[in-house]
Amino acid sequence: VLLEHRTIDVNLEGENGNTAVIIACTTNNSEALQILLKKGAKPCKSNKWGCFPIHQAAFSGSKECMEIILRFGEEHGYSRQLHINFMNNGKATPLHLAVQNGDLEMIKMCLDNGAQIDPVEKGRCTAIHFAATQGATEIVKLMISSYSGSVDIVNTTDGCHETMLHRASLFDHHELADYLISVGADINKIDSEGRSPLILATASASWNIVNLLLSKGAQVDIKDNFGRNFLHLTVQQPYGLKNLRPEFMQMQQIKELVMDEDNDGCTPLHYACRQGGPGSVNNLLGFNVSIHSKSKDKKSPLHFAASYGRINTCQRLLQDISDTRLLNEGDLHGMTPLHLAAKNGHDKVVQLLLKKGALFLSDHNGWTALHHASMGGYTQTMKVILDTNLKCTDRLDEDGNTALHFAAREGHAKAVALLLSHNADIVLNKQQASFLHLALHNKRKEVVLTIIRSKRWDECLKIFSHNSPGNKCPITEMIEYLPECMKVLLDFCMLHSTEDKSCRDYYIEYNFKYLQCPLEFTKKTPTQDVIYEPLTALNAMVQNNRIELLNHPVCKEYLLMKWLAYGFRAHMMNLGSYCLGLIPMTILVVNIKPGMAFNSTGIINETSDHSEILDTTNSYLIKTCMILVFLSSIFGYCKEAGQIFQQKRNYFMDISNVLEWIIYTTGIIFVLPLFVEIPAHLQWQCGAIAVYFYWMNFLLYLQRFENCGIFIVMLEVILKTLLRSTVVFIFLLLAFGLSFYILLNLQDPFSSPLLSIIQTFSMMLGDINYRESFLEPYLRNELAHPVLSFAQLVSFTIFVPIVLMNLLIGLAVGDIAEVQKHASLKRIAMQVELHTSLEKKLPLWFLRKVDQKSTIVYPNKPRSGGMLFHIFCFLFCTGEIRQEIPNADKSLEMEILKQKYRKTTCAFVLTLIPVG
C-alpha cells in the first residue's frame with residue numbers, strides 16, 4: 001500500500017544509512033525484499049559503513065534474501081561470483097561477515113556461489129583467520145577443502161604475520177591446532193614480533209597447545225623480539241613449570257634454556273623470582289642454576305624477588321648461602337636488595353633481609369633504604385628500619401637531603417610524623433632548604449599541618465638560612481604557599497580561658513610570637529648582612545593578598561597592640577608638629593589682606609601719596625605666627641634630610657616628599673620679611689602655594705587614620721582615573737577652544753587662543769554662559785557665523801557635558817566600587833605600612849619598652865574612656881578598637897528561648913478552647 005503512493009522513495013535512507021532493502025535482508029523478510037525490488041529499489045545502495053544488502057544478508061544468515069539478491073544481480077548483469085565478493089569500507093567480503101556470524105550453512109552458500117577465501121580486509125585478515133580465531137574447526141575444514149588456489153592457505157599470514165596456528169594458539173583451540181598441524185601447518189613460523197606458536201601459546205597460558213606443540217617437536221630455542229624463549233614466559237605464568245608434562249622437563253633442549261638470557265640479560269630464574277612462583281624457582285634451582293647471575297643492569301634474582309616483595313622466593317634464595325655477598329651486592333645504580341624492598345614498601349622482605357645480615361649501605365645517589373621507604377611513605381617499612389638502626393635517620397644523600405626531606409616533599413604526613421617522633425635531625429640541604437621548606441614549596445598541606453601539631457614545631461620553625469633567597473623564613477613561605485595552614489597556626493595562638501563564654505571574667509590570650517621576629521634581630525650589627533624588616537609576616541600577607549589571614553583575630557589584635565603602643569602617639573605627635581606650621585600659616589592668610597606687605601612689626605599700608613604707614617595692630621600675633629612658620633619649616637627640612645639618609649633611593653619614589661619640600665620652601669619665603677625685605681607679590685604668591693599644599697598634604701596625614709583614610713584613598717583613585725583620561729580632555733579642549741576662538745573672537749572671553757581654551761575648560765565644568773555668549777550676540781546680529789556657532793555649541797554640549805562627564809562619572813563609580821570591594825585589604829595594608837615605617841624609625845630601647853609578646857582580652861568587659869574619647873575614635877582612630885566577641889552559643893540560646901515562648905503561647909491558646 002505504501003509503495004503505491006507516488007511520493008514514496010523506495011531508496012530512502014534510515015538510521016546509519018540503511019535502506020529498506022538492507023533492513024529486509026537483516027530480518028530475512030524475503031517477501032518484502034521481492035516487493036521492494038519490483039518497485040525499483042536498488043540493491044547496490046550501501047549504508048554508512050559501505051555494506052551492501054548482500055553483506056547484511058550474509059551477516060544475518062538470511063539465505064532466502066541472499067538468493068533473491070544474487071538472482072536479481074544476475075538478471076542485471078552481475079555474476080554471482082562478482083556479487084558475492086563485493087567489499088565494504090573495511091574491505092570485508094560477505095564471506096568475512098558470514099564467518100563472524102559462525103553460520104556454517106551461510107558460509108557453504110557463499111563458497112558455493114564463488115566466494116574467495118584469500119581476500120584480506122583492512123586488518124590484513126582473511127576469512128579463514130576469523131574462523132581460526134573463533135576455534136571453528138568445522139568452518140576451517142570446510143574452507144580449506146573448498147580452496148583451490150595456488151597459495152598455501154594453511155600457512156597464510158595476516159597483517160601481524162600470524163598464521164591460523166598462531167590464532168588457535170592464542171586462544172587455546174587445541175583441537176583446531178591439532179587439525180592444522182595434521183594438514184601441514186608450520187609449527188615454528190614466527191610473527192612480526194618474533195613469536196612462534198609455542199611462544200604465543202605460553203604467553204597466553206594455552207597449556208593444552210603448549211604440550212601439543214612440544215609433543216610435535218616444536219623448537220624451544222626460538223626467541224621473540226625481546227630475546228625471551230618459551231621458558232622465560234613459562235615461569236611468568238601462575239604455577240609456572242608445573243603446567244608442563246614431567247617428561248618435557250627432562251628434555252635436554254629445555255635444560256639448556258635455564259641459563260639463556262633475554263635482551264636485558266635476564267635468565268628464566270630472574271623471571272621466576274619476579275613472578276614469585278616457589279615451584280618454578282625450586283625447579284630451576286634443581287638444574288644447578290647460579291643465583292649470582294646478573295642482568296645487564298647488574299641485578300641478581302634476589303634483587304628481583306626483593307623488588308616485587310616475593311618473601312617465599314627470598315627465603316628460598318637465601319636458604320643455602322654461606323656469606324652475605326649476595327645480600328649486599330648493588331645493581332647498576334648501587335641499589336641492594338634492601339634498597340629495592342624498601343623502595344616498594346615490602347616490610348616483611350626488609351625484615352628478612354636485615355635478619356640475614358643486610359647492611360645499611362647507600363646507593364650511588366647517597367640514598368639509604370630509609371630514604372627509599374620515606375620517598376614512598378611506607379611507614380611500616382620505615383618502622384622496621386628504625387627499630388633496627390635508629391642512627392640512619394640522619395644520613396644525607398649527595399644533595400644533603402635526609403629521609404625527612406623526602407617524606408615531606410612527597411607529601412607523606414604519617415612518615416614525617418614517624419621520623420619526628422624518632423628524633424630525626426632537622427637540617428638544611430645544599431639548597432639551604434629544610435624539610436619544612438620542601439613541604440611548603442610543594443604545597444603539602446597535610447604534612448605542614450602534621451608539623452604544626454608536632455611537639456617539635458618550634459624547633460622546625462627555627463631551622464632556616466637567613467641569607468637564602470629561595471628558602472626564607474617558614475612563616476613567610478607558609479603565608480605565600482599554604483595560607484590555610486597559617487590560619488591553623490594562628491588559631492593555635494588563641495588561648496581561651498576555662499570560664500564560661502558568657503562570664504565577665506572570660507578572656508582570650510593572643511600570642512604574637514609567630515607574627516614578629518625577636519627585637520634583638522632587628523638591630524643590625526657590623527657582622528650581619530641581613531636586614532630584619534619589622535612586621536615581616538603581616539607584610540607578606542599584604543603582598544600575597546591574604547585578606548583572610550589579615551582579618552584573623554590574632555592579626556587584628558597584633559595591629560591594635562602596635563597602634564596603642566606607639567602608632568597612635570607617634571602619629572598624633574607627627575600631626576601636631578605639622579599643625580605648628582599649618583595653623584600659623586592659616587592665621588597669617590586670614591588676618592592679613594592679600595597683597596599687603598608685612599613684617600614682624602606689622603602691616604605696611606600705602607597711602608594715596610605713595611607714602612608707607614605701618615599698622616602695628618596684631619603685630620605680636622603676626623610675629624609669633626611668622627616665627628612658628630619659619631621654625632616648623634626648618635624642622636621640616638631637618639626631618640626630610642633625616643629621611644633621605646634613612647630611606648636613600650626609596651625616598652625619591654614617594655611624591656609626598658616633593659610636597660613637603662615645596663611647603664617648607666614656599667613657607668620660608670612667605671615669612672622671609674622676618675629678616676629681609678622681599679617684594680610683596682613674590683611673598684604672597686609663595687604664600688598661596690604654601691597654604692594650598694599645606695592643606696592638601698594635611699589630607700595625606702589624615703590618611704593614616706582609617707575612617708578618614710578610606711575616603712582619601714577613593715579620592716586618590718578617582719584622581720588617577722581623571723589623569724588617565726587627560727589625553728581625551730586635551731584634544732577635546734583644543735578642538736572646541738580653537739573653534740570657538742574663530743567663531744566668537746569678537747567677545748572678550750574668546751579674544752585669544754589661550755583665553756578661548758580657558759573659557760572652553762570653564763564651559764566643560766558647566767559654565768556654558770549661553771545667554772551672554774550666544775543668545776544676546778545673536779539677537780544683536782553680532783555673531784559672525786550664527787549657524788555654525790550654534791551647531792558647534794550643540795556638538796560641544798553633546799560631547800562634553802553629556803558624553804564625557806557621564807563617562808568620567810561611570811569610571812569614578814566603578815573605581816569607588818572597586819575600592820570598597822577591597823577596602824578591608826587596603827585599610828589593613830595602610831596600617832601595616834604605617835607600623836612598618838614607624839618601627840624602622842623608632843629606637844630599639846623604646847620598642848622593647850612598649851612591645852608585647854601577647855595580650856589578654858576580656859570580651860565581656862566594656863572599654864574605659866569618656867564621651868570625647870569615643871567621639872575622637874569614631875572620627876580618626878582605627879576600627880580595630882576591640883569589639884565584643886560574639887558568643888558562639890548565643891544564637892542557639894536565643895533560638896531555644898524562642899521555642900520556649902512559642903510552646904507557652906500554644907499551651908495558653910489550648911486552655912482557651914472549650915472542651916466538647
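For all residues, glycine too, the Cβ spot is worked out from N, Cα and C.
According to TrEMBL:
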DOMAIN    597-823  domain 'Ion transport'
REPEAT    16-48  repeat 'ANK'
REPEAT    90-122  repeat 'ANK'
REPEAT    160-192  repeat 'ANK'
REPEAT    193-225  repeat 'ANK'
REPEAT    264-296  repeat 'ANK'
REPEAT    297-329  repeat 'ANK'
REPEAT    333-358  repeat 'ANK'
REPEAT    399-431  repeat 'ANK'
TRANSMEM  658-676  transmembrane segment
TRANSMEM  682-702  transmembrane segment
TRANSMEM  722-744  transmembrane segment
TRANSMEM  790-813  transmembrane segment
I need to check the long-range neighbours of the repeat 'ANK' (333-358): which residues 6 or more away from its ends have a CB within less than 8 Å of a CB in the stretch?
297, 300, 302-303, 305-311, 314-315, 318, 324, 327, 364-365, 367-370, 372-373, 375-376, 378, 380-381, 383-385, 388
Look over the recorded stretches 658-676, 682-702, 790-813 and say which has the most C-beta pairs under 8 A to the transmembrane segment (722-744).
790-813
Report, as numbers and ranges, every residue of the chain located at least six residues beyond the repeat 'ANK' (297-329) whose Cβ falls under 8 Å of a Cβ in that stretch; write 'none' if there are none.
264-265, 267, 269-270, 272-278, 281-282, 285, 291, 335-338, 340-341, 343-346, 348-349, 352-353, 356-359, 361
May I ask for the residues of the chain that lie six or more residues beyond the repeat 'ANK' (16-48) and have a Cβ under 8 Å from a Cβ within it?
3, 10, 54, 56-57, 60-66, 68-69, 72-73, 88
Quick one: DSSP breakdown of the repeat 'ANK' (264-296) into helix, strand and coil?
16 helix, 0 strand, 17 coil
